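Here's the structure, in structure tokens; my notes come after.
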């Protein structure tokens, strides 16, 4: 007898196709996502026209030779070097004989000053600031700009289309060389000057390049720009910044959709709207000059910055050695594309009433949504578009399922949610087992999620800082935990109660869960302008279609009445005693041709409905769960000869008898509808969030949130596998079990820091100039702060005092330090001050100066009502006082050893007028100037990096009482 063998179906819903295909899809997407996230696109071997990458690299090396904070002599050297480079580039830019280049105007701003404050904090006293500008402003006149030098007139106003601003601050922190914060931004801006003064690249609209000084200490340079005439001319901006040390330059923030589209045309765009929402919701509290340009001036623009690793940020590893020419090119190429688009745009999108009184008339933008695909393409659309699609999906998707369900009931094919059906002729009851597996998915999801999140609490309890150097070990642990236990529970459930409706019920549960998530996301889109929930929209759309397909599959089943009649005829037969124990062989199953010639169905060879006399053993006897895979495999081989290709090959004969009619290949369509877009969007989001947060523990941030976030993201990334995971073979889950064990042991026992991921400890030395007593301090996290402090030779046991109050999750440990040598002469002469009062005692005048410094402070134990610095400008757009008063006044001068005259108005509640007069020193380029800092750098453990705590490395002060 010749058997009719069915051809092999490589996408059948059987263990090997499901295991292999789904694994390949995950690997094919996750690996490129990781590679793109960490590898920077290579710079071209030959510099493109208008730029010189070799020159840019040499400029970066020169710029980062020394620490150059605002309050240092090296900062003056950088200022002079920048002026020299700007004039050299302007003078040597190529010009054709037939066309002259654009006019270039260089403003060395040595006149602007401003008094302002940390406005916006109504519940507490604020910090007032007086700052004198050391900015350099370069204006490249656009080919369509109006001629003339309008800025020379006191009342001069620009005309025509607004210009474009590119900003980069050239000061560094006192403990970092500033290669990426913000050397690459400065070098990029210099190359933009070269590019837009090269023939063929002249800007149509005016371009202003701002090299601002003083960003690190309070965004001072950007605030001072508000008083420069060019601030009235620029309507859009591109801010270049660095909050890491190398890698790709990320689009941190953007004010609106319109400006973002120009960035989206970059060759290698990188970023997601999630970063903007994190700033908006105050999850990220540090700020860049973007805050001033957007919030104070009302300009429209973008914030492009480096973001990782944070362990090198503001340390001596922020140098040229730890970045690359590839990183320079990544920022430069994005800046060229974005700026070229902005200066070439002559439409009206950035002109007109902004609806915000007192700010620029640069039109009204629309909130946007954006994200990149593999660092090579960029999606940009309006938030209103996302909201519209969200609402449509919330309404249409449930209606579609309801209509489909009604249609299934109408044609008598709704097997889901059905326990029994009745034979209309005899009234007999036939079991459909349609509820089998209905509550399996929430059990699988709940247990696997709970176990994954439990690991987050375990790591926090035992080794909370392991993510600082080993984020991928944490990711591997979370993913393998979720995957293994989801598979294990699925297999146990499938072994005990096999169900052909597992897929349909799983997708139905996913539909309900994601629908709730989408409701929440839609509310936040509308009420709070939060766009980072875009992945939920795509997630729900894929799940909705996949769920609908599961419902459509039911139309291929026989009517429940027809099925009941067949079962009724089958029940009239008297089975042999062995029929309960032995499954039919392949030869006993009818071929499709023989089935057509007689009244026989494949269901006829299935197990009978259970009764009181039914054997406890199933037709296909399985002795142990260990034989799960081999039993499944034997079932699959036993039925390989039956049926035609259009029917389900009855892969698992213990499922419901009617399941033979279900499509065997529908699963692959469902999987491809959900998994790829989820892997891409959530994979990129997960890595972005990890890069932004995995080292915030050194700053006192909560790491539990990070671990729980990774756990939840792991579940969401693997969730598309849950409807199919019971079909997986044991091979990959077993391998993941070993990964789980290995990474768990590592994460619980490994030392959390490394040479490339050092723990940052913040240094400050406070000196009482009246007594000469000083306290050197390191601020960091427990328990590592104690190991670092005790490693310093000058620290004596018994003289260390530690406190955690007021340091945001960190501990400050102080000890008597070696006296600094930041100024000449006796330390009592380092700060000079004079205090005088008016006759009515309402105003007190402070005259303050410091040796070898241009930064001082006035600190008040009780907030004052107001203050005025002689010679200062006040801008009504930028308040310098608040409703709760001012507790601190920071004074910055462009000149060394300047004398500030400050008039202070006391509040009526100021019965005790006490405080401190303080000056700061931040220049640590010479050894032995701050010997205690030298010792900390030299003798602290290898896994420690020293950074600054406040504006000054050394603070010398006198107390006063009036």
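Quick reminder: no glycine exception, Cβ is built from N, Cα and C everywhere.
Annotated topological domain 'Cytoplasmic' per Swiss-Prot: 1-15, 412-440, 494-503, 556-667, 726-731, in sequence order. The transmembrane segment annotation in Swiss-Prot covers 16-36, 391-411, 441-461, 473-493, 504-524, 535-555, 668-688, 705-725, 732-752. Annotation source Swiss-Prot lists topological domain 'Vacuolar' at 37-390, 462-472, 525-534, 689-704, 753-962, citing similarity to another entry. If you look up Swiss-Prot, you'll see 110, 113, 834 marked as N-linked glycosylation site, on the strength of sequence analysis. The Zn(2+) 1 binding site annotation in Swiss-Prot covers 169, 181, 241. Positions annotated as Zn(2+) 2 binding site by Swiss-Prot: 181, 216, 314. Per Swiss-Prot, site 'Transition state stabilizer' is recorded for 313, and the stated evidence type is similarity to another entry. Among the features that Swiss-Prot reports, region 'Disordered' is placed at 568-617. Residues or ranges marked as compositional bias 'Acidic residues' by Swiss-Prot: 602-611.
The CA atom of residue 314 (Zn(2+) 2 binding site) is located 27 Å away from the CA atom of residue 113 (N-linked glycosylation site). Long-range Cβ contacts of the transmembrane segment (391-411) within its own chain (Cβ-Cβ under 8 Å, at least 6 residues beyond either end) map to 511, 515, 518-519, 522, 537, 540-541, 544, 547-548, 551-552, 554-555, 559.
When secondary structure is read from DSSP and collapsed to three states, residue 216 (Zn(2+) 2 binding site) falls in the helix class.
Among the recorded positions listed (110, 113, 313, 834), 313 has its Cα nearest to the Cα of residue 216 (Zn(2+) 2 binding site). Residues 181, 216, 314 make up the record's Zn(2+) 2 site, and a Cβ search at 8 Å around their centroid adds 172, 173, 176, 178, 182, 242, 313, 318 from the same chain. By number of Cβ pairs under 8 Å, the transmembrane segment (668-688) is matched best by 16-36 from the list 16-36, 441-461, 504-524, 705-725, 732-752.
The transmembrane segment (473-493) makes contact with the transmembrane segment (732-752): 3 or more of their CB pairs lie within 8 A, with pairs spaced 6 or more apart in sequence. If you measure from the Cα atom of residue 313 (site 'Transition state stabilizer') to that of residue 181 (Zn(2+) 1 binding site), you get 8 Å.
Rounded to a whole number, the C-alpha distance linking residue 113 (N-linked glycosylation site) with residue 181 (Zn(2+) 1 binding site) is 24 angstrom. Here the topological domain 'Vacuolar' (462-472) returns a mean pLDDT of 97 for the predicted model. Same-chain residues lying 6 or more positions outside the transmembrane segment (504-524) and placing a CB less than 8 Å from one of its CB atoms are 387, 390-391, 393-394, 397-398, 401, 416, 437-438, 440-442, 445, 530, 533, 536-537, 539-540, 543-544, 546-547, 550-551, 553-554, 670, 719, 722-723.
Cβ neighbours of residue 181 (Zn(2+) 1 binding site) (same chain, under 8 Å, six or more residues apart in sequence): 172, 173, 241, 242, 243, 244, 245, 306, 313, 314, 318. DSSP assigns residue 181 (Zn(2+) 1 binding site) to a helix. Long-range contacts of the transmembrane segment (705-725) within the same chain: residues 13, 18, 22, 441, 444-445, 448-449, 452-453, 455-457, 459-460, 467, 474-475, 478-479, 481-483, 486-487, 490, 502-503, 506-507, 510, 539, 542, 546, 667, 670-671, 674-675, 678-679, 682-683, 685-686, 689-690, 693-694, 696-697, each at least 6 residues beyond the stretch ends and with a Cβ under 8 Å from a Cβ of the stretch. Between the candidate binding-site residues, 169, 314, the densest Cβ environment within 10 Å is the one around 169. Report note: the Zn(2+) 1 site is defined by 169, 181, 241, and the residues of the same chain whose CB lies within 8 Å of the CB centroid of those residues, excluding them, are 168, 178, 182, 185, 215, 216, 240, 242, 243, 288, 289, 305. Helix first, then strand, then coil: DSSP counts for the topological domain 'Cytoplasmic' (412-440) stand at 1 helix, 6 strand, 22 coil. All chains included, 25 other C-beta atoms sit within 10 angstroms of the C-beta of residue 313 (site 'Transition state stabilizer').
Applying DSSP to the topological domain 'Cytoplasmic' (494-503) sorts its residues as follows: 5 helix, 0 strand, 5 coil.
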